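**Q** Pulled from TrEMBL, these are the listed features:
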{"type": "COILED", "residues": "141-190", "note": "coiled coil"}
{"type": "REGION", "residues": "193-212", "note": "region 'Disordered'"}
Amino acid sequence: MANKQVFPTKGNLIATKKSNDLAHMGYELMDRKRNILTREMMSLLDDVKLLRDKITITYQKAYYALQQANMSLGVISDLVEAVPVDTGIHISYRSVMGVEIPKIQYDKQEYKLTYGLDHANSKLDYAYRCFYKVKEMTVILAEVENSVYRLANAIRKAQKRANALKNIVIPDFEHNIKFITDALEEKEREEFSRQKVIKATKDRRKAEESAT
């Protein structure tokens, strides 16, 4: 519906047309942003599924090996405490159409056993290797899943803005343009008719004056 607060003047018509052009540009930008972000997200979704499957399988192997080690060695909590805390994770960000996507840099530690071999066995060593692999894959998965979440959130916002421009803002501008244009044309027709009446009146008076 046309905005009743818009007065039908040439200045308002020019301003409304400019605003309408900007709204169209904004819609095209939002639509393009949404498409680019969607492609970026879709390229990551397959990675998420693949990584989750790998982590699940590796966890199953690790926990099974850990159970076997517990049965053969007894409680191994003291051995586990010897594993150092990993602090080699650094996070930076890259921008995709204004969306900050995390990039995790993982400084891999040299794989080495941190407990004495005289208190361990091959089952515990295998469990340790599996958990070591899981840690590396979890870092990658955290980066990918966080990226997907941020992209999905940005896509929803871009879609919402694009819909608002397409379904509300642009139609309002176009209705206002038509309202102002029709009003100005009607005003011009009325002015033209008024001028014709004035001219006809003047011509009649001249004719009457000439006759007398």
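These residue numbers are counts, starting from 1, taken along the chain as shown.
Placed from the backbone N, Cα and C atoms, the Cβ positions cover glycine too.
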**Q** Given a Cβ distance threshold of under 8 angstroms, which distant residues of the chain, six or more beyond its ends, lie next to the region 'Disordered' (193-212)?
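**A** No residues contact the region 'Disordered' (193-212) from elsewhere in the chain.
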**Q** Work out, from DSSP, the number of helix, strand and coil residues along the region 'Disordered' (193-212).
**A** 19 helix, 0 strand, 1 coil
**Q** Please give the average pLDDT for the coiled coil (141-190) in this predicted model.
**A** 94
